[in-house]
Amino acid sequence: MAARAGQMEVVRCLLRNGAMVDKRAREDQTPLHIASHLGKTKIVQLLLQHIAHPDAATTNGYTPLHIAAREGHLDITSVLLEAGASHSLATKKGFTPLHVASKYGSLDVAKLLLQRQAPPDFSGKQNGLTALHVAAHYDNQKVALLLLDKGASPHATAKNGYTPLHIAAKKNQLEIATTLLQYGAETNIQTKQGVMPLHLASQEGHCEMAALLLQRGANVNVSTKVNNYKYQTIIS
């Protein structure tokens, strides 16, 4: 409660009197999760000084670093990393803090994670999505460009065979699609079902996207291997 209210001196007093620094609350959140969510840097530092576990995970697998990345709290991200928090732990859905930063457009946090050697092409076992897939899905152009500049592959395929360009085509993210193509994304890459980005753009009626792909060499005569193929998003 004190961590949630941001009461620094109350937290200090409780810790001095034997309060459990990693006491679990709803969804297995610890005080460090709560302070990270609220942006309470000094409380985060205090909890870590009292040996709070920097990689404690909630029931969904979120660590304090995931939370800081989601909220865009750069200072707290830095403090957690200095305390040994892992940038490579994944949630139950397979998302690292870099995936989360890419979803929420936390550009500065993404920069810091990459500076601390977070792998730009890490893909979760559950879905095979990279941070670039996520940035493409949520139309976070600046994060996508950062990832590409740091070596993220525009050819990475998820478990369903989708590349970031497939996602951009489906979602009609023209700016990101253009950037992906500038970084060498393959217009005619196919899933196991034979689905290309052009199929998705056409299916959704995205004329400008289809025109862009055709300008970049997409083959208009390639058919899919299944009838009435429907896109199913695996990002939530």
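From the backbone N, Cα and C atoms, a Cβ is placed for every residue, glycine too.
Straight from TrEMBL, the features:
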{"type": "REPEAT", "residues": "1-26", "note": "repeat 'ANK'"}
{"type": "REPEAT", "residues": "27-59", "note": "repeat 'ANK'"}
{"type": "REPEAT", "residues": "60-92", "note": "repeat 'ANK'"}
{"type": "REPEAT", "residues": "93-125", "note": "repeat 'ANK'"}
{"type": "REPEAT", "residues": "127-159", "note": "repeat 'ANK'"}
{"type": "REPEAT", "residues": "160-192", "note": "repeat 'ANK'"}
{"type": "REPEAT", "residues": "193-225", "note": "repeat 'ANK'"}
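Distant neighbours of the repeat 'ANK' (60-92): 27, 30, 32-33, 35-37, 39, 41, 44-45, 48, 54, 98-101, 103-106, 108-110, 112-113, 116-119, 122, 124-126; these residues of the same chain sit at least 6 beyond its ends, with a Cβ under 8 Å from one of its Cβ atoms. Taken through DSSP, the repeat 'ANK' (127-159) splits into 16 helix, 0 strand, 17 coil.
Residue counts of the repeat 'ANK' (193-225) by helix, strand and coil are 16 helix, 0 strand, 17 coil (DSSP-based). Note on the repeat 'ANK' (193-225): residues 161, 163, 165-166, 168-170, 172, 174, 177-178, 181, 187, 231 of its chain, located 6 or more positions outside it, place their CB under 8 angstroms from a CB of the stretch.
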